[in-house]
Amino acid sequence: MRAALHILLKIWVQQFYQRNAGFFLFLFVVLFGVVQNPLAYHYKLMQGIVTAYTTLVVALIVWLLYACKCSAIILKSIAREKTWLYQLQAMDAKRLFLLLTIIQVILFLPAAIYILVTISIGIHVQQYVAVIMLCLFLLLVHVLSAALYYYALFNNGIQFQLFKKPVFTYPFSKGFFSFLLWYNLYKSKLKTVAVKFFSFVLLFIPLVWNRAHIELSDFVIFFQISIATHAVIVYDSVQFLERDFPTLRNMPLPLYKLFMLFASTYIVLLLPEIFFLWYYGNAAHLGVSIFLLLLYYIGQLLLFTSLAYEKHQKIEHYLLYIGLITACSLLLTPLKSFGLIGCALIIIAFALFSGNYYQYEPEYEEH
């Protein structure tokens, strides 16, 4: 069992944390580096989770999305490496299940630590119903995930039919300015839905949940993190174009038209946030134009796009860039010059895009 555990730690756990190092660094910077007095902030957040059922449900969904991310990595590896993973079937069923549970515990450890601290705070404030729900969630995530991996090892036809059903069924022609939008709404629908859900949660907290005490400086923290969450869509869109449409580079298209392809896609994808900001932002009296916030939002996404086209760009380096941009943007908040900064970002993004696009070479993963 020790030999099998050592191998699985290398091919599953080690690769998972290596590939997501930038993601975890970005989360650490956002959750602990850009807020004043992070300990007090997270104490209040955890207290809110155990005292308000709406916040508890939102937190459980976020942690469930992270669990799905862990499971997706393992299931893809099982499907790819099943030839030699069949050797695990020779192990005793109980030992194999224990082995898979240990792997899940290590993968889910960052979220589990946060949940355990939240449980301790729930006990301290005597919110026992929330504590029981969190304990059950933690137990079920590990047991069900291990059972899913066990099932995948012994069955070739494991599929998630729910994930194969279209979320968006409205048909539209796949023209030049719409096929990238089509990809995000149809082919990469789960990622888009997850990002949108998290983005709405981030905007909901300051504009609805805490609108009686909201200040622009507080709102910008959540707003900036909402922008950063869309970096996943940006990177995925660039990879889609370069992986599935390499012939696009041989077409006589001006760079500004390719740049506009990304800009138009982001504008459409941001329509839900635009409506939400217009409806609740005006009621919160933020003192800043919604149009200028949109310009600022688009400017950052276009800058993310230009950085995604950097030669041999890796996801961990890309996410590190996102974390640095997020931190720098928060430092510029006191200027309240969202329109000016947004215009400057678009100009800088196009300059970088012009320099990076023809030098871009994909970083192929080793299997």
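Every residue, even glycine, has its Cβ placed from backbone N, Cα and C.
Over in TrEMBL, the protein carries these features:
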- 21-41: transmembrane segment (TRANSMEM)
- 53-75: transmembrane segment (TRANSMEM)
- 96-123: transmembrane segment (TRANSMEM)
- 129-154: transmembrane segment (TRANSMEM)
- 192-209: transmembrane segment (TRANSMEM)
- 216-235: transmembrane segment (TRANSMEM)
- 255-279: transmembrane segment (TRANSMEM)
- 286-309: transmembrane segment (TRANSMEM)
- 315-332: transmembrane segment (TRANSMEM)
- 339-358: transmembrane segment (TRANSMEM)
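The stretch in 53-75, 255-279, 339-358 that contributes the largest number of Cβ pairs under 8 Å to the transmembrane segment (96-123) is 53-75. Sequence-distant neighbours of the transmembrane segment (286-309) (same chain, 6+ residues past either end, Cβ-Cβ under 8 Å): 214, 216, 219, 223, 227, 230-231, 234-235, 237-238, 259, 262-263, 266-267, 270, 273-274, 277-278, 318, 321-322, 325, 329, 336, 338-339, 341-346, 348-350, 352-353, 356-357, 360.
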